[in-house]
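Below is one structure, written out as structure tokens; comments come after it.
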């Protein structure tokens, strides 16, 4: 090893502070997954023919990426003609495809949406925030729920409404 390389390894001649030998702080599980997802999407764009720069990426590329990911899915989604279509607990195996679960795709888009802006993308140009992505996710959710026989119902927020005819006080106004 040459002496100049030895000096670089030990930190000589660098502008780093003396505590630079300490490892960076541990990322949260979410942050690690977000970084991994961002890198995976970036690699997907690079592997396209011709390669696509992140600045040229639009919602169509995101949709293609989501469809590409289906081949790695683990959720059985029954076709309309399958004997198990609409059954929450099928009695046996079938040849229907495995797909990415809606919840996984929804979480992935949330992480990529955040990562896009953290990596310098403008919020108004964010391809992960496109209405077309929301429509696609809704269609995936609905079709998977129908295929499994489990209707998806959005949970309604509980509101503390008082009934109009309910007496809210003990004070009575005498008739005039």
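Numbers here mean position along the shown chain, with the first residue as 1.
Every residue, even glycine, has its Cβ placed from backbone N, Cα and C.
Taken from TrEMBL as is:
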- 1-11: compositional bias 'Basic and acidic residues' (COMPBIAS)
- 151-162: compositional bias 'Basic residues' (COMPBIAS)
- 167-176: compositional bias 'Polar residues' (COMPBIAS)
- 29-156: domain 'ALOG' (DOMAIN)
- 1-33: region 'Disordered' (REGION)
- 150-176: region 'Disordered' (REGION)
DSSP helix/strand/coil residue counts for the domain 'ALOG' (29-156): 76 helix, 4 strand, 48 coil
Overall pLDDT of the domain 'ALOG' (29-156), taken as the mean: 91
